[in-house]
């Protein structure tokens, strides 16, 4: 087993996750099986109770683990399935050691950070490194990312553990890559290497010497700066890798390859890579990177959320939208709308913000209402669902988005004006959304319906089922504590809301569709967690297709995208969507009202453009493996 440890210096958020994932992508392109471990030096057991504003999105794995969003990067980059033990926290390690002490495994010894905590860390890494993450084959390389920066007091036990670990596994099996910031002050206009020198000096003071120094910078770094870092940090020039800010993170593995990373790792770790038998993985990366640069036509999607001030709160949602947009040859234009600003209260308190946010919503080509918790902004989500339903605007609701759509429908189609969720109003007379008793234990951490579960499709035609490839059931990841009240299902269906997916017991509603609407779909599960660049999530793909008036064409072709067209850059002069040529019927024949009551133009002014997305070494599968 080979190990690559990725550490960071100077500042956090310097890009260790992308660098670590890129190492894995390069090695996987050489035919090696790769796994990843993320170490978070906080005392929390997991990320389940984190505020989205503080830590970003909580990513959910197949086994129900709530983990750091970097594990989502690993899964998307490498197209693997990770497990709860692939995320190590200080809380998990201390809990493990304390439990061993309580059962007498330390035979009455004084339990200390060294050796007990450090030994537990090393044993955990060795055990998880042997766990298969793709098929049944054991990984050959394990990439470990240590969160935070060198010098943080929280991370010192882990640094000491890896100081010992390098001797435990021998030098030829251990490589350390240190990611450091090279700032470019405007006052001087030249890169400064002192922060990197200090960071490497501190790392060496802990007993670890970097084999590779990855320099992150705003602009490309000149050869003289690279040589200076080489001289003062005691590494060869070929061991200094310069990664500047790029238009797309698709380019990061390619830039690392150009810097000779594969050749260095092959020699340093004795990987015995046959360079003449490289797989087509990196060629797929090059194709994807080229397409992100050449696609010009835009699709504008409004994300009506509660945590829009910090876009990492919706990291997987954004990536899933990017994957779907790229699949249909569109550049994604994202507009983040704070849901509370759509509420009537804002009209009276801040009318300018109210009208501005509603203008953004009306100008978009499609709407996405993501998940969330709590009462703040819920009425804004409900109003967004109402506008999309009444104005034939394509909409995808996720988790809380489904619940908002159901409540809105009950209020305005069933006449139940007090319809609500017990999360917000426990005493409501018409509880359309209720909590699940078995998941309501009084605690918050780890008490939700989590992980991959089966959703069974109902009989009869369904747009979302066709998008998945017409299977009888699919498996998707969940994270929720509330569900649609089954007592109201028949009343909702009588008015045109179709529950086309349920759990295996047919008691929990998983998917809704609206009859006579271009695309009004909502899911209780989170489809964004299983989206991949070459395998876009079907619900997201449906939203993008409907937003560009191509959904009917896609369905007529049997919901298939051409592998060649997915991998090759397409001309923006083409009027057809990638993989959809030959279809005859378009949603443009529908009379869709696009002008709201307050008269808004059909542009995406004031929106946020984004085109970064991950790549994977997998094949093309329009059903995204949901079989």
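Even glycines carry a Cβ here, placed using N, Cα and C.
These numbers come from a predicted model, not from an experiment.
Following the DSSP three-state reduction, the secondary structure of residue 399 (active site, for GATase activity) is coil. Taken from Swiss-Prot, the feature active site, for GATase activity covers 399 (among others).
Secondary structure at residue 526 (active site, for GATase activity), taken from DSSP and collapsed to helix, strand or coil, is coil. Counting Cβ atoms from all protein chains shown, residue 526 (active site, for GATase activity) has 24 others lying within 10 Å of its own Cβ. Residues or ranges marked as active site, for GATase activity in Swiss-Prot: 526 (among others).
Look at Swiss-Prot and you will find 528 (among others) tagged as active site, for GATase activity.
What Swiss-Prot lists as compositional bias 'Polar residues' is 599-613.
The domain 'Glutamine amidotransferase type-1' feature in Swiss-Prot is assigned to 300-554; the stated evidence is sequence analysis.
Annotation comment: Swiss-Prot describes 567 (among others) as phosphoserine, evidence class experimental evidence.
According to Swiss-Prot, the feature phosphoserine maps to 570 (among others).
Residues or ranges marked as phosphoserine by Swiss-Prot on the basis of experimental evidence: 571 (among others).
Per Swiss-Prot, the feature phosphoserine maps to 588 (among others); the stated evidence is experimental evidence.
The annotation phosphothreonine is assigned in Swiss-Prot to 595.
Here Swiss-Prot flags 599-627 as region 'Disordered'.
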Cα-Cα distance linking residue 399 (active site, for GATase activity) and residue 528 (active site, for GATase activity), given in Å to the nearest integer: 11
Rounded distance in angstrom between the Cα atoms of residue 526 (active site, for GATase activity) and residue 399 (active site, for GATase activity): 7
Other CB atoms, at most 10 A from the CB of residue 528 (active site, for GATase activity): 30
